[in-house]
Amino acid sequence: MMENKKFLFSLFAFIATLTSTRGFAFQAPSLRNLDFASSLCSTASDSDVAVTEKGLLKRDRYVATNRFAVRQGKAAKFEKRWATRKSKLASLQGFKYFHLMRRVTINEEDGTAVYDEGTDDGMQQGNYVSFTIWEKKSDFGAWRSGEAFKEAHGGTSIGAFVSTMVSSAMVLKGAPRPAFYDGLLQQSSKPEALPTIVDGWRSVEADGVSTLPAECFVACNQFFVPPENASAFEQRWANRESRLKDCEGFVSFSMLRRDGQAKGHGTSPMDESEPTYLSTTIWKDQASFQKWRQGSAFQKAHGGGPPKDKKDESEKPAAPPAPLWAKPPQPVFYEGTLVISSEEGA
């Protein structure tokens, strides 16, 4: 009860800020530069250069996420709100791909995926994440400052906005936590079929009792790379061999670099507990991921496979490259639902 009061207090303080000017004008938070030494900076503009002046790779896409700590037992209600919302997302300039993903844990013995409800303390990364890929950062900015953003977030009127936020307080544990990324080394396959879209959004049945069926599987690896190693880390990934596009069930891959310049309501500065990079691979289903994981493409991408013939038995194998991260990578898995894709894919 006390937490709900704190959440609502913050909510109404935010509303007071919105309504302090003459009339009601719901304005999306602006993106401002963030002077935070330990965070990475986004590519300055949508340019055609391959590498920035700091030696970082240019982005291929811009990825906007929002992390939600959904209360235990409220997952189906949360998904219904997303399924029945009004949104013109699929019809917007620069839109490439969207899904809502719920965090799962994988049983290593039988391979089953189980929804991870989290703990009473919540999870910083969220047990649900909205995931949207834009062709350019400027496309995301245009959506965020336009009417489509207001409609999707219940901001067409003060009443609609308050209703949306109060409903959120009953389903979520704390406020959503946005995070934005430069999408690097983008690969994607063209979808064989597209889901039914009505007025820019998915047309699905959601009863608020059962969760929606999984429509894709997402495998991520969280990397905690200090800024001084960022360029070397990106080049290591750029130079590695990848055959993902040849794998059955492959949908999309990108190495996500946290945009430390993004700031707005709900966006907090990064700290050492958050990854600076996130490798994100989307598969048609979990079976496709497991098939890749057990195949030769995985072994080659991760330095495995059969040993090479040696000309000299005394020759020692090459030492693995030194790690570029501050602590070991941490894998995390999701089931995606409400998938929307452009005709070309992500």
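Including glycine, each Cβ sits where the backbone N, Cα and C put it.
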Of the ranges 109-145, 294-330, which one does TrEMBL list as region 'Disordered'? 294-330
How many of the residues that make up the compositional bias 'Pro residues' (318-330) does DSSP mark as helix, as strand and as coil? 0 helix, 1 strand, 12 coil
